[in-house]
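Feature annotations, reproduced from TrEMBL:
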{"type": "DOMAIN", "residues": "32-192", "note": "domain 'Rhodopsin'"}
{"type": "TRANSMEM", "residues": "15-36", "note": "transmembrane segment"}
{"type": "TRANSMEM", "residues": "48-71", "note": "transmembrane segment"}
{"type": "TRANSMEM", "residues": "91-115", "note": "transmembrane segment"}
{"type": "TRANSMEM", "residues": "127-147", "note": "transmembrane segment"}
{"type": "TRANSMEM", "residues": "171-188", "note": "transmembrane segment"}
Amino acid sequence: MATANGSGESNANQVVIPCIVFFALTPIFIIIRLWSRIATRSTIGADDWTIMVSFVCVLVVQILMMFSVSYGFGRHVYELETQDRLMALKLFYVAQIFYKLTINLTKASILALYLRIFVQRWFRICCYVLVSIILAYMVATTASSIFQCSPISGAWDKSSKPTCIDLTKNWYANAGFSIATDILILLLPMSRSGRASFPSTRRGR
């Protein structure tokens, strides 16, 4: 584990505090969701299974990030021993892979919920198209995270003089895609506001 080699500022709390908060709150919301399904005698659907997989992924992210902080993540590089720095970056490398999974699986879960509620053909086609794009992008961005450097170890150990993709451009692309799909997911049900159709066979599900 990392030991302080200097008195520089640390951003560790900016990582640890959100991790602890969501580590505590997220299971509560998942339990409430599943309890509501059981209480209303509804079936566990694709939206529920997808959000549970996303939940597992986000737990992995939180655990990895908290461990990375224990190795010095969030502190100045010059304050860390080489082995601590490498371990912190290695943990971050794995965490970002699961982060890409959880972000996109959460979006897919919301769209699966829409498919559970709305029956209009055009609306469902939009949902299927959007979820297909999101899942395809999830595969692509996860692969780009895994193989961001050649050799792969170059993602955390630059001493091997790796060849890496432009991570800044990659993160901007991910942010742009995430914002765009968030907006589309938000706008979809708004287009049905005031005239949504809920057939009796799907009410309460």
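Counting begins at 1 with the first residue displayed.
Every residue, even glycine, has its Cβ placed from backbone N, Cα and C.
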Counting only residues 6 or more past its boundaries, what in the same chain has a CB within less than 8 Å of a CB in the transmembrane segment (127-147)?
93, 96-97, 100-101, 104-105, 107-108, 111-112, 114-115, 118, 165, 170, 174, 177, 181, 184-185, 188
State the residues, same chain only, that lie 6 or more residues beyond the ends of the transmembrane segment (171-188) and have a CB under 8 A from a CB inside it; answer 'none' if no residue qualifies.
100, 103, 107, 110-111, 114, 123, 126-127, 130, 133-134, 137, 141
Tell me, what is the mean pLDDT of the domain 'Rhodopsin' (32-192)?
92
